[in-house]
Amino acid sequence: TQIERQFNIPTSLVGFINGSFEIGNLLLIIFVSYFGTKLHRPIVIGVGCAVMGLGCFLEALPHFLMDRYEYESTVSVSGNLSSNSFLCVENGTQMVGPTHDPSECVKEVRSFMWVYVLVGNIIRGMGETPIMPLGISYIEDFAKSENSPLYIGIIETGAVIGPLIGLLLASFCANVYVDTGSVNTDDLTITPTDTRWVGAWWFGFLICAGVNVLTAIPFFFLPKTLPKEGLEDNPDIIKSSKEEKQTEDVKKQQRGITKDFLPFMKSLSCNPVYMLFIVLSVMEFNAFVNMFSFMPKYMEQQYGKSTSEAIFLIGIYNLPPICFGYIAGGLLMKKFKITVKQAAHIGFWLTLSEYLLYFLCFLMTCDNSSVAGLTTSYEGIPKDLYVGNNIFADCNKDCNCPATIWDPVCGDNGLSYMSACLAGCESSIGTGINMVFENCSCIQPPGNFSAVLGLCKKGHECSMMLQYFLIVSAISSFIYSLAATPGYMVLLRCISSEEK
């Protein structure tokens, strides 16, 4: 959402930028998964972490190359009433009617610097490619079969703790104005709940860049191989295992590591269990990634939350259940010694349950914000969305207001207006976000004819719907993660050790 507003790009392009991470994955996943197992896996993972750091830095770069962000507003930061042309002025010349040309409603891209974000995200995806496949195979090769589900569950939990911290960081950054440090934030006339607000999206990328580079360092000191768990105290078995490994390495060098690539791919492509798992994973991760990408935007529009609040709630309600689900899945697999067939049944029924449960979220919606002339009449009676010239009324017909400007104010009667002018306000006091508009002819009793900047907050009923939505989302996330470890076990046990 922040990047969409910063560059003024359509949501469809934001979705493509978000999906570019997976594009980076796809560019290398086959080669990394095959050739990576024949190289020093920890070092390959370390290089991947460093590449991710480079991608994060590239994503933050546009902020330092662009001009300051400017949002559309009719409100002056000055307290000089005579200069406030955004108020109701009789016999003025600023009257602008609503547009009837659809092309005037199309966004004009503010800057093409978004290409840096796109390329950086692709590079970040390329860097992430070796981490999971090589990391899981590294553990699976040297862990006991009954312990590997627990270890993998712990790794998956760690993979969720990172996003949880990331969401908390994003929540903080979204609450900080994008140009903090170069502008006086006291002069701002918008708040984080305003749809024109842009947070410091670039700051999180810089922090992630540093963390990724630091994380890469320990991997360069890990050994290429580890002794099989449980055999550390048996030197004869260890010696025999090393000899077998050396013999296998010699054979690989004689054949060349690329000779078996096509037979390797053919073997995987003809494995029905593996191919079915791939198809299901594509569908599942597509839904999961899009949910986390666009849920903040949905919560902003549906429940009236700021980007910062939405990101924070998503992190708090969804990621801890995912952590518990991964650990619980690993413990259940270890305790009950679940077979591959049983794991497949568990994964299927849990995933289906989570899918069906999420449909309940579509029932937990709120009414549209009450905006005079758009969703309600000036008397507060709900109506169909904007039709014709209904944004004007008798109370503001002589104010000569612009009808194409979105600069909402909240009247003390609980009704929102597109602008202070359309609310019929004739004067204002205060500056910045503390500005109060007075003598507003469209704000009828029980109000006292005054308004403040921003949309009115939604009612208690909407807050309850949000709570129900978050609870269902948390339960669904737990079920989703509970099915993940059995799914990984099915994948790892349906292929040979060379194909892992």
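Heads up, the Cβ atoms here are built off N, Cα and C, so glycines get one too.
Features reported for this protein in TrEMBL:
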- 389-444: domain 'Kazal-like' (DOMAIN)
- 12-36: transmembrane segment (TRANSMEM)
- 42-61: transmembrane segment (TRANSMEM)
- 150-178: transmembrane segment (TRANSMEM)
- 198-222: transmembrane segment (TRANSMEM)
- 273-295: transmembrane segment (TRANSMEM)
- 310-332: transmembrane segment (TRANSMEM)
- 344-365: transmembrane segment (TRANSMEM)
- 468-491: transmembrane segment (TRANSMEM)
Best-contacting stretch, by C-beta pairs under 8 Å, relative to the transmembrane segment (310-332) and drawn from 12-36, 42-61, 273-295, 344-365, 468-491: 468-491
Ranked first among 42-61, 150-178, 198-222, 273-295, 468-491 for CB pairs under 8 angstroms with the transmembrane segment (344-365): 468-491
Residues in the domain 'Kazal-like' (389-444) grouped by DSSP into helix, strand and remaining coil: 3 helix, 12 strand, 41 coil
Result, the transmembrane segment (273-295) in contact with the transmembrane segment (198-222) (3+ CB pairs under 8 Å): no
Candidates 12-36, 150-178, 273-295; stretch with most C-beta pairs under 8 Å toward the transmembrane segment (42-61): 12-36
For the transmembrane segment (273-295), sequence-distant contacts whose Cβ falls under 8 Å of one of its Cβ atoms, 6 or more beyond its ends: 11, 15, 18-19, 22, 310, 314, 318, 351, 480, 487, 490-491, 494-495
Residues of the parent chain within Cβ reach of the transmembrane segment (150-178), under 8 Å, 6 or more residues beyond its termini: 2, 6, 63, 69, 132, 135-136, 139-140, 143, 185, 188, 192, 197-204, 207-208, 306-309, 311-312, 314-315, 319-320, 322-323, 326-331, 333-334, 481, 484-485, 488-489
